[in-house]
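Annotated in TrEMBL:
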| type | residues | note |
| --- | --- | --- |
| DOMAIN | B:10-72 | domain 'V-ATPase proteolipid subunit C-like' |
| SITE | B:Glu59 | site 'Reversibly protonated during proton transport' |
| TRANSMEM | B:6-29 | transmembrane segment |
| TRANSMEM | B:49-72 | transmembrane segment |
Amino acid sequence: MDQARPGRDILDRALRASWIAALALAAAVAPGRPRDAAAILAGQLLAFLHFIFLRKIVKLFTEGGRDPRLALAIGAKVVLVYGGLAGLITLGGVRYVPLCVGFALPFLTLFLKSIMLALGAGPASLTARRATETARSFGNAAKPAVFLLLLGAAVLLAFSALPGAALADEAAHGAPAAQEATATHHAEEGAAELPNWLVILHDFNPGNPVIDWLEKNQVIVFAWIAGLLFLLVSWLAMRKPKMVPGPFQNGVEWMVESMEEVCGGLLGPQIDKHFPLIGALFFYILTINMLGIIPGMKSATSSLDLTLALALITFLYVQFWGIRNLGILGYLDHLAGSPRDAIGWAMLPVMLPVHILGELAKPVSLSCRLFGNIFGEDTLIVVFVGATALLIKASLVALAVPPMAGITALFMMLQTLTSIVQALIFSLLATVYLYMMLPHEAHAHEEAHETH
Amino acid sequence: MLFPAALGLGLPLGIGLAAIGSGIGIGFLGKGAMEAMGRQPEILPKLQVAMIIGFGFAEALTIYAFVTMFFLQGRIG
């Protein structure tokens, strides 16, 4: 049973990778600032020691009882790691930042490794152990969703800075007006949507920095709310999975299974491996979209930032699996349109850019489609609510409210439909892109058989 | 013609034109799917998935026009 310890195996790999990263980093810094390079290596060494001792302690602890070596190991760890850190900072005169970078490297590699593992990209000895039953796959889908959220939020932060700056540059024609331009941009955005609770909170508490920050990054806040809701539901449903499921577990399993069936019809047996991401995308987007129907909430997908982040994650995932399954050469061959004869090679200079452009257009079209649909629906509702408000202002209450409320309710039903369909389209297109990238001779054969 | 005026005329018109194209595309798709369903009701689930994906592609064209309008809308007036 050499596979029995995936946790330790992955720790070993992460530590090895972190040493390589630290050496590379130190080598890159060393010519200019040798002291910083030494600090990075020292930090890496301390973090390495931290993990080694931690593993020793955990091993002694789990293997049983009160071993005197346990106290020794804990003491040695505290003295070496924390004493070393404190000593280096106070006496050694090293700079703080490179030391922290070095110390953070093993943690970072461990984190990245676990993301890769959760996405099913780990070494075979680890991924083979993953449960593939449908009942569990929702729990599996929930785990990448957490990383999806983290990644999404990170990319989102980067991108929400970019378009704002670009717009400011475009509109400002000069540095001092930039702030004003972002302000008007913000106001313009605010006028096009119904106020949510964050905006209301912001209006009642002007100048509060926390609320200010939340209001400015409300897309992230609502994405996190939706993600937490999603995790809560999946946790509640799969907390104690039963053989004979109750109504709640049954409902969740039905949703997951029917979604897996739909995607499995496209992707074939490989769906087991990719359903965690695709299913998480579907349910996450669905939750976000549906959140917008609740008054005072907002669909985070009505911002291009979030949809672009999700589409980029899908894009990178598809390219990653393309390279992993086809190999670098096979991937390039796929991009070149698989030239096999003279005509194919002659068309290469045309086909290669076309294929690359086609790949790059995928995330753009994915993100714009989701954003445009959800934003359009939201705008539609805002227009009708605004018309109602105008009529109420003109004191035509009795005349205005019943038909307008009816129309708005109708459009909200339409919004529900759009939310489901768009989430479905996003995840189905992700499946289709994946299908186009993966080798699928068996499936194609089967299809050829059917058509005959 | 003034640039904002051109935008104010062109953007809604562009969306309308794009919607015509998407509408034709979705109509054809729906027609084909309905006919296929009538002939072979048992392929309904597979057909629906393909149909929805096709709708997504066709509809995306209007959405591009819509997004373009949204990005340029601020410069109308």
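Just so you know, glycine gets a Cβ as well, placed from its N, Cα and C.
Predicted automatically and left uncurated, TrEMBL annotations should be read as such.
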Chain residues outside the transmembrane segment (B:49-72) and at least six past its termini with a C-beta under 8 angstroms from it: 7, 11-12, 14-15, 17-19, 21-22, 25-26, 29-30, 33
Where B:Glu59 (site 'Reversibly protonated during proton transport') sits in the secondary structure, as DSSP reduces it to three classes: helix
DSSP-assigned states of the domain 'V-ATPase proteolipid subunit C-like' (B:10-72) in counts, ordered helix, strand, coil: 62 helix, 0 strand, 1 coil
Overall pLDDT for the domain 'V-ATPase proteolipid subunit C-like' (B:10-72), taken as the rounded mean: 88
